[in-house]
Amino acid sequence: MAANMYRVGDYVYFENSSSNPYLIRRIEELNKTANGNVEAKVVCLFRRRDISGNLNTLADSNARDFEEESKQPSVSEQQKHQLKHRELFLSRQFESLPATHIRGKCNVTLLNETDVLVNYLEKEDCFFYSLVFDPVQKTLLADQGEIRVGSKYQAEIPDKLAEGEADSRVQEKLETKVWDPDNQLKDPQIDQFLVVARAVGTFARALDCSSSIRQPSLHMSAAAASRDITLFHAMDTLQKNGYDLARAMSTLVPQGGPVLCRDEMEEWSASEAMLFEEALEKYGKDFNDIRQDFLPWKSLASVVQFYYMWKTTDRYIQQKRLKAAEADSKLKQVYIPTYTKPNPNQIMGPGNKPGMNGAAGFQKGLSCESCHTVQSPQWYAWGPPNMQCRLCASCWIYWKKYGGLKTPTQLEGAARASTESAPRSHMTRQEVQGMSPFTSSAGRAKLLAKNRQTFILQTTKLTRIARRVCQDILQPRRAARRPYASINANAVKAECMIRLPKASKAPVKNRPVARPSLATIVKELALQAPLKLKAPRGAPTPINRNQANQPRAASNLLGKRPFDSVGGLPFSTNGRPFTSGMRTTSQSVIKRQKVNPGDAPNPVVFVATKDTRALRKHLSQAEMRRAARKPHLPVRVKLPLPPRPLPTPILPSSTSEPIVLED
């Protein structure tokens, strides 16, 4: 009964998906809704699988520093792998979840340098955290509430002086005297001086314009003058003047007027106090965040001083009573019965009841992906459905609680990707260009700084065989259309080893491909290489778009596809200018410099001219397709003959006879 009772402040497991690991949350409030259900306001804690790879690298660096500082005992690779499952990241993100989704309790503690990490593996449902994760900013920061325990935080106490030994230390450097109890003044005289200091403070507030607005009445000014800041100033004045009342009195009221002493309670305005109360409600006593997000114009010392002065006001007592009344009206604990419904990921054989199928049911012969056992009272489907992976009962519970497998495996990454979000079917052109390292100058500089070395990716014989045997799993055409999607080669090879003994023994027929010699390829490339334009001598002529008779550079008939001739007129594909009449997009009379591929600009856009679009209309659909399949071949356009002009009629000067036009 006590195990199913959950209270405010407990760390619990929440289940949001039957196949994903549990969510770990801390209960902050238990609220009853209008329909009678119970909702829990919880603080989110994140696992390593929930953060990005860059933040995981930062967490690994922090873990190495912790091991070096705390001198942790050496652990095995499997223990290091399991310790990553026990590490959590605290956050300040809140959410509301149904209380019926709670699946048990767990224990989460702040990591201390006196802790031994291996001890967490020996305890069930035990986690630790040392960093705070910000889901909005995607950052990891050290927890501000760290308990400083250890040898480097201890004070160094000097040895005790022997009897009669003089202290050789300089006391002025160690401390400053602010009050001498053995002075010549009596207590009534000191009290009278303090009353005079309060009266001077009240008069100073009456003369100050800002103070008269904040304390419009005499009672408010007198109350502000009676605060501790006035008494501290009066006693400090006595100490500086050698406890001479006459000199101290003249110091309180100098030539310019009375001295006004104000603390943080008076310096802050009403709106600033409201902001502070709102920030305190959101962040608690985290003064760094309060100052950063709500009061950046205040110093940290000012915020801390205002907090302790604010606690002495009636406003604090009033809010404390309101919170106590709200806490009494809210639920303090809730009973959740044990969840006994079967999991949809259970693998059940035909005619078997859930939990009794054993190893002799579905997927006979396959072992657990984590512990590699072949016998279990219950099996669970795990990972992508096409992988046909499964876990035994104990490894399934480990997966749900700790978000990983007991032993490292490459399939864990594929399962994580499939459970986090559904894969996208396509990517936009902007996203593909954004993934390219050449889109930013920093990425181009980083790539150009590396040594360029030629490498060859050569597949093994088993990989080539697996491509033929496991075509239904590999789906090469689908993989070619989606090159950004990863392929689990290990799973394909494992399936190939199972199918290979049953495969056909007939040799695979390979069709030989005739490859041309290297000399032939070089000659073809030399013929297709464009000629470079030589810069003419003299000053270059500026380009004027209004001049139609200027020669321009080569244009393309089919957008990006070159051609050689149109209607009997030669058109070049090697960069030579046209003879006449064709308009192009640009004209260059200066020799172009070679551009490094890493510094290449954005893709060039070719704009077809009016004449080019007119010539396209004379191509048939078959000719357009042929030109698209073979852009290296010239395209010939047969222009229709122009219509014959009619003869000009000759009118007689003076006749009325009809005119006959003969062709």
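Note: Cβ is positioned from N, Cα and C throughout, glycine not excepted.
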* TrEMBL tags one of 92-114, 345-367, 414-436 as region 'Disordered' - which one? -> 414-436
* Look up region 'Disordered' in TrEMBL and report which of 144-183, 544-583, 584-623, 624-663 it refers to. => 624-663
* Asked: So how many of the residues in the domain 'ELM2' (145-256) end up helix, strand or coil by DSSP?
  -> 63 helix, 0 strand, 49 coil
* Structure fact -> Summed over the domain 'BAH' (4-144), the DSSP helix, strand and coil counts are 40 helix, 60 strand, 41 coil
